[in-house]
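Colleague: My questions will all concern the structure given below.
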Amino acid sequence: MKEHLVIFDTTLRDGEQSPGASMTMEEKVRIARQLERMGVDVIEAGFPAASRGDFEAVRAVAEAVSNSTVCGLARAMEADIDRTGEALQVNQNVRIHTFIATSPIHMKNKLRMSPDQVIDQAIKAVKWARQYTDNVEFSPEDAGRSEIDFLCRVLEAVIDAGARTLNIPDTVGYTMPDQFGGLIRTLRERIPNSDKAIFSVHCHNDLGLAVANSLSAVMNGARQVECTINGLGERAGNAALEEIVMAVRTRQDYFPCDTRIDTTQIVPASKLVSGITGFPVQPNKAIVGANAFAHESGIHQDGVLKHRETYEIMRAEDVGWGANKLLLGKHSGRNAFRSRLKELGIGLESEEKLNAIFLRFKDLADKKHEIFDEDLHALVSDEAQIPEEHYRLLSLHAVSETGEIPSAQVVIAVGGSEKQAVSEGSGPVDATFRAIEKILDSKVELQLFSVNNITSGTDAQGEVTVRLQKAGRIVNGHGADTDIIAASAKAYLSACNKLHSSLERTHPQI
């Protein structure tokens with residue numbers, strides 16, 4: 001029987017550190033439910049000591065999830081660990097992940113601690129965490145620049161203290177696959193009690209090697225991989241969950257282990273995370289990109305038609321492509337609508353919220369004949385972008401005529417009053433944004449404007465992502481509509497609402 005490879009998803013914690021990827025508590029819960037549906041072993045829900053918002057989000061995920069282990073991150077400090085334990089206490093199946101830096105440069109310049117003091121602090125942290133759960137994970141931060149002898153001492157000590165998982169991070173994505181795999185092998189061979197803990201890896205993608213390094217570690221004895229949906233993460237991202245899982249699943253002739261992931265849930269998870277964060281998936285992205293299973297070459301097409309395995313090493317349907325179920329229409333009632341949301345793992349906190357989204361669903365059903373799961377996710381994401389709308393689009397009239405300068409007239413509710421403006425621009429979207437700015441005068445910098453179709457067909461909803469920056473704060477706004485200009489205006493106002501809101505986000509981008 002194959003050994004079990006633990007999949008530890010950190011989309012909600014490390015993935016959220018991408019600039020602009022901040023999620024609301026409700027969005028974190030939706031993603032967590034999808035991860036649980038997929039069969040993810042451990043869900044790292046956040047860093048409870050970082051902010052009140054992060055604490056509440058971790059607690060909400062712990063309340064919502066029952067099958068996957070819910071994990072919270074904590075520095076090797078009693079106060080951090082207590083806060084994490086408090087957030088997780090609503091669930092019995094939990095883990096505390098604690099860490100401290102072990103490289104000479106970090107110990108000297110950041111911690112201002114001697115090596116012996118660091119070991120003592122690590123031991124105390126693990127023992128303190130075990131007051132809340134026996135499932136404790138320890139990470140030596142900046143392990144790649146740590147001295148191997150000292151690293152072995154620290155890890156041996158925390159195993160004796162009760163750590164069940166040892167996570168080795170490649171924090172800046174600098175290591176080569178042979179090096180990283182060799183490091184895992186060396187640690188397992190040199191640490192006397194290494195058989196009492198699972199070795200884990202957490203690789204970043206700065207050189208495009210996060211997945212390769214993770215798989216090399218697996219071949220050298222690691223039995224947990226920390227990863228994110230779509231490889232989401234700060235800088236160049238983390239190891240992509242979908243690539244790790246499908247590499248191991250597809251090459252069972254090569255790997256001595258396998259995961260328990262339901263791979264048919266991979267594409268739905270990818271689309272959900274992309275829609276919530278506003279980070280589109282590149283078309284040629286492995287597994288989840290739109291072109292991942294497309295063949296344009298005549299020779300390739302002929303081969304696939306004659307025998308699929310000539311050019312396809314896995315089936316598109318095995319990872320969830322083609323699973324966008326046609327479900328509802330203009331005659332569907334509230335009960336059917338509520339039931340389908342529940343099946344998708346979407347929980348709404350009030351009847352008022354359900355009514356608001358149901359009305360938008362009815363409006364959408366009048367515009368397009370076929371409503372898919374992706375449309376429902378987009379409706380919910382669009383409605384839940386900000387708890388309190390300070391700016392709301394009331395009407396939009398955009399004109400674009402060949403040979404003429406495009407213009408737009410917008411009417412926006414600002415607080416309790418209505419304001420309107422007209423502006424010209426290089427296109428109808430530009431004119432719309434300029435008109436909005438005449439009213440808001442927000443002095444923001446537009447960093448990203450992206451349009452994606454949610455489903456196929458000319459009547460499909462378009463989902464627009466707008467990224468704005470102001471005074472060092474970066475936010476994403478989303479808008480969905482069958483009218484791209486309207487979706488663009490909604491997205492811009494969604495981002496402006498986030499900038500205006502004084503509510504604490506689950507991971508503030510300051």
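Every residue gets a Cβ built from N, Cα and C, even glycine.
This is the feature table in Swiss-Prot:
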type    : residues                      : note
BINDING : ASP14, HIS202, HIS204, ASN238 : Mn(2+) binding site
DOMAIN  : 5-267                         : domain 'Pyruvate carboxyltransferase'
REGION  : 392-510                       : region 'Regulatory domain'
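Have a look at these and tell me how they're positioned relative to everything else.
Modeller: According to DSSP, HIS202 (Mn(2+) binding site) sits within a strand segment.
The average pLDDT computed over the region 'Regulatory domain' (392-510) stands at 86.
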Colleague: Sort ASN238 (Mn(2+) binding site) into helix, strand or coil using the DSSP assignment.
Modeller: strand
Colleague: So which other residues, same chain and not among ASP14, HIS202, HIS204, ASN238, have a Cβ within 8 Å of the centroid of the Cβ atoms at the Mn(2+) site?
Modeller: THR10, PRO169, CYS203, ASN205, ALA210, GLU226, CYS227, THR228, GLY233, GLY237, ALA239
